[in-house]
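Undergrad: According to TrEMBL:
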type     : residues : note
COMPBIAS : 304-315  : compositional bias 'Polar residues'
CARBOHYD : N82      : N-linked glycosylation site
REGION   : 273-315  : region 'Disordered'
TRANSMEM : 12-32    : transmembrane segment
TRANSMEM : 122-144  : transmembrane segment
TRANSMEM : 165-190  : transmembrane segment
TRANSMEM : 202-219  : transmembrane segment
TRANSMEM : 231-251  : transmembrane segment
Amino acid sequence: MSTTFRSCFVPTGFILGYIAYLLLGALVFSAIERPVEETLKSDLSSLKAEFLNLSCVNATALETFLEKVLQANKYGVSVLENATLPTNWDLASALFFANTMVTTVGYGHSTPLSDEGKAFSIVYALIGVPFTMLVLTACVQRLMHPLTYGPISMCQRRAGLQPRTASVVHFIVLLFLVVLGFFVVPALVFSTIEETWSFLDSFYFCFISLCTIGLGDFVPAEKPGQRLRALYKISVMVYLFVGLMVMFLVLRTFHKLADVHGWTAFFQLPSYEEEDEDREPIIEQEPDDESPEAEKASVKPLDPSSQVSYNSINR
């Protein structure tokens with residue numbers, strides 16, 4: 001397979017596979033959810049007819065009332081007394097909303113009501129989203145050495161494993177610890193705190209949140225009368241940020257694994273380049289008197305087979 005053909009075939013295959021995956025998901029969701037939706041619509045129609053028969057309210061007034069209730073519920077305001085929170089914009093709730101916005105999780109449980117709030121959200125997200133990505137990237141870059149390079153090197157030295165085997169073992173262990181520490185254990189905690197959530201609901205919430213999908217069907221700390229609600233929301237914020245950082249770390253580690261096994265070269269993807277935190281400056285002040293060896297190296301022709309990179313520049 002030629003390089004030109006592969007460079008065109010692989011992206012085309014990815015795009016077609018992605019479209020097929022979206023179509024498959026759409027068909028499955030439609031097959032599962034549409035009958036339930038139709039049943040719910042039928043139940044609501046029957047309930048509306050029964051309500052009209054037993055009361056003196058006309059259909060127009062009822063529909064106007066329901067329209068206003070649904071519109072308010074979309075903004076997180078409920079007409080039910082036992083489901084109404086004091087405010088959705090206290091400090092803890094506002095912090096939680098800002099966190100879900102800049103991390104692109106966006107549950108949609110609370111949205112700006114005013115035009116000013118919507119305009120500020122645009123500016124705030126325009127700056128906050130790339131800034132969050134920058135912070136996550138910088139943190140993960142620092143964590144790669146103690147959590148990826150160090151363990152792989154230790155497996156090679158102490159266990160005598162080859163680089164490919166060591167990278168696979170490390171990735172499996174890392175993935176197991178991430179699933180346990182950021183999905184299973186938090187799911188147990190959420191299912192305990194949120195009384196209406198099952199373990200599956202909680203695990204589903206963790207997965208949807210850390211994948212930044214944020215469907216909004218499950219949002220923590222929204223139950224009325226919940227104890228230590230502000231502290232709970234801030235704790236969820238910390239969990240989301242650290243969890244996104246760990247997910248990014250897993251992706252970077254998988255990229256390193258793919259590079260070691262040659263998958264990036266096969267699929268014409270950019271290879272992972274290790275970055276040294278303590279790298280010396282590329283341009284250094286040259287001494288006045290050059291040694292004969294340095295002078296000989298300066299006039300030595302470059303090896304055509306060598307690949308130019310920052311690591312190959314003579315210091």
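Here the Cβ of each residue, glycine as well, is placed from N, Cα and C on the backbone.
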Undergrad: Residues sitting near the transmembrane segment (165-190): Cβ under 8 Å, six or more positions beyond its termini, same chain?
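TA: Cβ under 8 Å, 6 or more out: 147-148, 151-152, 155-156, 159, 197, 199, 202-203, 205-207, 210, 220, 239, 242-243, 246-247, 249-250, 253-254, 256-257, 260-261.
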Undergrad: Same chain, outside the transmembrane segment (122-144) by at least 6, Cβ under 8 Å from its Cβ: which residues?
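TA: For the transmembrane segment (122-144), the list is 98, 101-104, 244-245, 248-249, 252-253, 275, 277.
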